[in-house]
């Protein structure tokens, strides 16, 4: 009897563990909201990474919040349980995209340690999810899991590799000059201007594949939302008892809300980046013409160079054409991404303007109707007073 009682109590702390995961997710959500509030309150042209930055604290929170995808021992057969594993993977993907501006302005050793820890978390989740898919522990949303893992690896690779070093080199002279300036009001204004314009996070985000990261995070959020809709419809069909009980709904709800907020921040950065671009189509076409002119001139130089023509064999020419084609493909993808971001930005602005105009018209009509009703009430009251006076007389 004692052994049976102990076995039956094995799953009793699972709701408390679910609350722990929900608490870590809630802290991540609060930190993201603090960064968004800071950006809007100070009217910054981008959303910085000041509170929810890549450090040991946030990595610990993410490791706790993503416990469900790496859980190999607990039975999680319900649709909500299967969705919670996908939520943890998508949360990590969105968090990596949110961390992008923070990879500049920190020491190399600190950045290397944080990226190494983040890579360990990502690799652990990828291995555990792969094992669960192969063994059948994950039997719902297999395609969504594979797609989200692929997007997460892409975002991690872009975050780790595309780290521009020249923004810090550009900002360093201004920082040194700021330190040696005399302290008065005029120089303080200049210091604030320099620190605002030459912020490494803003400059890095403007000169890095930020639109690609925004698109990948958006795809991840869309995949999760459609999986959540499917899980809600499948919950009546696949609904066995879960060891996490009622806490699993809290975890899923908070993680979906955090993912939506993080995706908003990443996409908002892309929209601000697109809004700062002037005539994206013209600039892209101008860049393409410049590249074509450069390639034509380089080809003419190579043809006229007899020594190079002698040494250049057919294999080298094929390799040269391959690299040239790859460069054209890269420029074309960059052009498409920028155009997509600009079109989405324009559509959102038009929708906001139309909604504002309709709201203003509705408010105007409501005010006019209220005024007409007030006039009618005054006329009725006047007629009543006249009638009463006549009766009294």
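Numbers here mean position along the shown chain, with the first residue as 1.
Cβ atoms are placed via backbone N, Cα and C, with glycine included.
Residues or ranges marked as transmembrane segment in TrEMBL: 16-40 (among others).
Same-chain residues lying 6+ beyond the ends of the transmembrane segment (52-70) with a Cβ under 8 Å from its Cβ atoms: 17, 20-21, 24-25, 27-28, 31-32, 34-35, 76, 81, 84-89, 91-92, 95, 98-99, 102-103, 114-115, 117-118, 121, 124-125, 128-129, 251, 255. Annotated transmembrane segment per TrEMBL: 52-70 (among others), in sequence order.
Annotation source TrEMBL lists transmembrane segment at 82-103 (among others). Same-chain neighbours of the transmembrane segment (82-103): 25, 28, 32, 46, 48-49, 52-54, 58, 62, 65-69, 71, 76, 111, 115, 118, 121-122, 125, 129, 132, 138-141, 144-145, 148-149, 151-152, 155-156, 158-159, 163, 201-202, 204-205, 208, 210, 213-214, 216-217, 220-221, 223-224, 227-228, 231, 248, 251-252, 255-256, 258-259, 262-263, 265-266, 269, counting only residues six or more beyond its ends whose CB sits under 8 Å from a CB of the stretch.
Taken from TrEMBL, the feature transmembrane segment applies to 115-141 (among others).
For 147-166 (among others), the entry in TrEMBL reads transmembrane segment.
Per TrEMBL, the feature transmembrane segment maps to 213-234 (among others).
Residues or ranges marked as transmembrane segment by TrEMBL: 246-268 (among others). With a threshold of 8 Å between CB atoms, the same-chain residues lying at least 6 positions outside the transmembrane segment (246-268) that come near it are 14-19, 21-22, 25-26, 28-29, 32-33, 35-36, 47, 65, 68, 78, 80-81, 83-84, 87-88, 90-91, 94-95, 97-98, 213-214, 217-218, 220-221, 224-225, 228.
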